[in-house]
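> Quick one: the structure is below, and I'll ask about it shortly.
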Protein chains: 6
Amino acid sequence: MANAMLLPVLISFLVLPFSAMALTQDFCVADLSCSDTPAGYPCKTGVGAGDFYYHGLAAAGNTSNLIKAAVTPAFVGQFPGVNGLGISAARLDIAVGGVVPMHTHPAASELLFVTEGTILAGFISSSSNTVYTKTLYKGDIMVFPQGLLHYQYNGGSSSAVALVAFSGPNPGLQITDYALFANNLPSAVVEKVTFLDDAQVKKLKSVLGGSG
Amino acid sequence: MANAMLLPVLISFLVLPFSAMALTQDFCVADLSCSDTPAGYPCKTGVGAGDFYYHGLAAAGNTSNLIKAAVTPAFVGQFPGVNGLGISAARLDIAVGGVVPMHTHPAASELLFVTEGTILAGFISSSSNTVYTKTLYKGDIMVFPQGLLHYQYNGGSSSAVALVAFSGPNPGLQITDYALFANNLPSAVVEKVTFLDDAQVKKLKSVLGGSG
Amino acid sequence: MANAMLLPVLISFLVLPFSAMALTQDFCVADLSCSDTPAGYPCKTGVGAGDFYYHGLAAAGNTSNLIKAAVTPAFVGQFPGVNGLGISAARLDIAVGGVVPMHTHPAASELLFVTEGTILAGFISSSSNTVYTKTLYKGDIMVFPQGLLHYQYNGGSSSAVALVAFSGPNPGLQITDYALFANNLPSAVVEKVTFLDDAQVKKLKSVLGGSG
Amino acid sequence: MANAMLLPVLISFLVLPFSAMALTQDFCVADLSCSDTPAGYPCKTGVGAGDFYYHGLAAAGNTSNLIKAAVTPAFVGQFPGVNGLGISAARLDIAVGGVVPMHTHPAASELLFVTEGTILAGFISSSSNTVYTKTLYKGDIMVFPQGLLHYQYNGGSSSAVALVAFSGPNPGLQITDYALFANNLPSAVVEKVTFLDDAQVKKLKSVLGGSG
Amino acid sequence: MANAMLLPVLISFLVLPFSAMALTQDFCVADLSCSDTPAGYPCKTGVGAGDFYYHGLAAAGNTSNLIKAAVTPAFVGQFPGVNGLGISAARLDIAVGGVVPMHTHPAASELLFVTEGTILAGFISSSSNTVYTKTLYKGDIMVFPQGLLHYQYNGGSSSAVALVAFSGPNPGLQITDYALFANNLPSAVVEKVTFLDDAQVKKLKSVLGGSG
Amino acid sequence: MANAMLLPVLISFLVLPFSAMALTQDFCVADLSCSDTPAGYPCKTGVGAGDFYYHGLAAAGNTSNLIKAAVTPAFVGQFPGVNGLGISAARLDIAVGGVVPMHTHPAASELLFVTEGTILAGFISSSSNTVYTKTLYKGDIMVFPQGLLHYQYNGGSSSAVALVAFSGPNPGLQITDYALFANNLPSAVVEKVTFLDDAQVKKLKSVLGGSG
């Protein structure tokens, strides 16, 4: 009987006072066809469950390369559902002997979780150039503060896999070697600002496809 | 005489060095015809005093429903002038015996100010599930931290009215009963994730218009 | 029977996995005995419902003064429960003929809600010095963007009362007249930086208790 | 020879101009013995590599309870190294038939990565009470926007494990059932603000250890 | 030989795993042809080195006016490269006897660096109306907190020049005299909200081009 | 006469309603004797004008070293007045032939203003490793986005001086060479994560005082 009474009244409650709030922003799935803004992409319309789901980290990345490693991102560009939510992810696959070279993420801190194998990881502080390193086994986590140089490499005898999460939807990835050698920054300038020898610079420029 | 001297010079001062600053963003009234972004709507052009003014909270909401209550929002969707300003408002009307059911605002803290009557209000902390309750009379204020479950109901013998302010332009409103029962989430799932009995779930699904 | 089964198991659920999360920060009531930080005060311990409640806005402020107005704050200094929550409040009482003089809030936007009487309010944009004014009646709201000069005065024939909410726990209040005349800034400097006449500056310095 | 020349000069470079910058804040490992602040804990001194490492998620949580699930947090309280870095983590273990009940995180968005088994997960939007659900297999990720009700349960025939990352160091966890039934909120109030039947409320209060 | 081996492998590394990250947002040069948003302008495409460079502060501003001063802005409107980067700049030229009148920046703190001459500067706190003043010589810096009234004038016998930096890309500039007298705010209102005399208000309205 | 009337009333206005707001936080000068927090240092008491002033950039840094350059910081550690204000500064002195080596600021964007001489500057984007370079003359400004590798060197025939401003009070400075070679990170690890030759690594480790 309470039920019978409740029915018509709650329904009117349902449709009346809260119907005006249709613009509430619970989330803002990126419309990648629009220009980005400093706070992220404009929100797409017509959102479904699939927008909050990403399958692209399920498969191992291809580590058949010299570094024997692959970084598979789930940043806003690949996974638009993280837009505006302050988080994103990536998968690391590192074969035996493989390495994710020294790099920074200019726009996020990183939290690494080892799901397979053994990873040696480290980061370097800016003030005192102190090195913080750990050997990480399956189930271990390590955090790398935003903007600091860090690296990971396989420290074991089998493939290593890690999930990494970032404190922003678009963390960026600046690999030092690429920044120095994989572009047209003249060798003389590279040498001047790094104190590296000319032969070293030209060698790595050649390897990484840089010019100048 | 000083006046006469001042006139031509200050006017040139007026029109010269600061004329370049026409793009200064003092405010950003929402252009609701554009897509939202994670930081709010793009700014409309042609702003006037009316954009910073809202009349919609002046009239009592209709409490002729079972909950005997009405929430009248002045969020960015109704009051575009608050876009980007970190604040919004709403009006609560609660008739005798009325209630604003258990709910959260995912995107803002709430400050409630009683303008008429008596309101019993409470919120529940997340860690220890501690209940914080107060009986509020005309002129009293209470604050509800962002994202925590809270409720208000009329604790007196006359209508109660409150102005509530939010720490963001689009606070959201998630009423627990609606989230659980007013949609197509299957009853079996609701029961699994809430431990509620099947009869209870189906009764409220029926009342609130849910299916499944 | 299900109940009997449920009992021992859920209780173990209760005490086991989540007991480690006692440090969750749902709120951070200010410990005003500590030094402030750029993000607000350190959190006090031993919080109760009273910490989220404030009675100080219930009584009218004393308007028996020349401006015939009173501002009663519920900022973090008076209402420590708003610390870290991005919101605070104040009460304005403006007698007939009274005025809240031209002022800014350096650290918050303001949302004004008229609860009694008629208030004439306005603010001035920074780029074009455009004036935005409205006559506000009971139930009307107006928003004043952060940092911009604004004012309110009683525009009716009875007392006016407003609740104002701020987009921060410590909005600040810089009344232009006080900043110019109620301190020891030398008259010659005031005149140089405002183009006011010497007699005008000295008159208001005298009235407001300034020196120099 | 260049080396010999370089040596004395660079060392003086090393010790001179940058020695003044010892206070640079690359990170801020929480000193949990201090009071928290709205932006996190004060920074501890004497930081080492171990402060950025956490082993506590390596072992499975104990799922020998009715919900057949365990949440093992690596929030700032367990893993002080994430303080101020905008990220934290947790491990979910869900046995066959197990469930993480309907809950919210008031202070962070969540990104879930399945490392073993099959998880059925869903969240509910605030405005339209729309349900977004997915069946997640090993390697899949799903994101749950801040403050919205969501749940996870094992949808397969073997144990499921997930790593979850949060967009803040102290996300909070408010389980709806605990908030409603595991405290001293009087049954009459629970019923009033949830429309649940008295028998249902008292049953769950009894099970979850609530009183009143 | 190592080089020969390295070449093909690293190039495949170069083009494979990271090629998917083309949407990384290192910067967001303003597209001023789009509508602004609360977080800044949408990002333009086709960015070059020139977008991060600005020549407009190299030349002295024209101080042939009564205030004998000029403010040359490099805000986002003039220098779109600062969009989203939390910083901007301006150049002050103050001839002998010149002054930058009492003003605020509603949306940023200011850091002033004297490059030529002597500048007397001060700001006024909001709570206690305390005046903080310094005489600044070449090479000195002073910081002015966001939203507080401040001023600068030439305190020496030669021209003064300063570079000022702001903690935001669009700081705004509200000159008190302009806000009060250079618009159509009626004299009666100005007098009511400032306690200035009618003659004073009308004199400055006349000088600064105000009406009413 | 109006003056005489005004006097007693305004003074009561002065001392009454606003006296309660003594805790307003206009600024938060760092108390460097306290522990830092993620949002900056606790605020010191007893603040004076000198706290907002810094003389330490007035004198040229000592460039009698190999890099022929000096960076003189005015970060929160040297200039506590910038705490919480989102800005700081530094002075660059670069002798003929001098260089500020490749580096990042993990926690701020940089705006550089040339006050003497000619500076060649550049930064490198993270996604495409694109180089953005400019030759900067006196009065030119350039902006370097947060966290990206950049460098400056003297491109002229006389000493160069620049003022740099940062979008935060504690920007950090990570010089790539120092991070790689001026600590105890083993040479084998450096080589593995940078692809530099062993001889090159050992040479620079020797020069910069590194071990391992």
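In case you wondered, yes, glycine gets a Cβ from its N, Cα and C as well.
A TrEMBL annotation is a machine prediction, not a hand-curated record.
OK, TrEMBL features for this one:
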SIGNAL    D:1-22  signal peptide
DISULFID  D:C28-D:C43  disulfide bond
DOMAIN    D:55-202  domain 'Cupin type-1'
BINDING   D:H103, D:H105, D:E110, D:H150  Mn(2+) binding site
BINDING   D:H105, D:E110  oxalate binding site
> Quick check on the binding-site residues D:H103, D:H105, D:H150: which one has the highest count of other Cβ atoms within 10 Å of its Cβ?
D:H105
> Just the number: how many Å between the Cα atoms of D:H150 (Mn(2+) binding site) and D:C28 (disulfide bond)?
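Here the two Cα atoms lie 31 Å apart.
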> C-alpha of D:C28 (disulfide bond) to C-alpha of D:H105 (Mn(2+) binding site): distance in Å?
23
> Taking the centroid of the Cβ atoms of D:H103, D:H105, D:E110, D:H150 as the Mn(2+) site, which other residues of that chain lie with their Cβ within 8 Å of it, listed in sequence order?
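Near the Mn(2+) site, beyond D:H103, D:H105, D:E110, D:H150, sit D:T104, D:F123, D:F144, D:L148, D:L149, D:P171, D:L173.
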> Could you tell me which of these disulfide-bonded residues, D:C28, D:C43, has the greatest number of Cβ atoms within 10 Å of its own Cβ?
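The residue with the most neighbouring Cβ atoms within 10 Å is D:C28.
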> Near chain F, which of the recorded positions D:C43, D:H105, D:E110, D:H150 can you find when the cut-off is a Cβ distance under 8 Å?
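So the ones by chain F are D:C43.
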> Under 8 Å Cβ-Cβ from D:E110 (Mn(2+) binding site), six or more apart in the same chain: what's there?
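In sequence order, the residues whose Cβ lies under 8 Å from that of D:E110 (Mn(2+) binding site) (at least 6 apart) are D:V143, D:F144, D:H150, D:V164, D:A165, D:F166, D:S167, D:P171.
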> Return only the integer: C-alpha distance in Å from D:H105 (Mn(2+) binding site) to D:C43 (disulfide bond).
25
> Whole-number Å only: compute the distance from the Cα of D:C43 (disulfide bond) to the Cα of D:H103 (Mn(2+) binding site).
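Here the two Cα atoms lie 31 Å apart.
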> Roughly where does the domain 'Cupin type-1' (D:55-202) sit in mean pLDDT, to the nearest integer?
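Summarising the domain 'Cupin type-1' (D:55-202) by its mean pLDDT gives 97.
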> Can you tell me how the residues of the domain 'Cupin type-1' (D:55-202) break down into helix, strand and coil by DSSP?
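Tallied per class, the domain 'Cupin type-1' (D:55-202) gives 22 helix, 56 strand, 70 coil.
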> Is D:C43 (disulfide bond) helix, strand or coil when read with DSSP?
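Looking at the DSSP assignment, D:C43 (disulfide bond) belongs to a strand.
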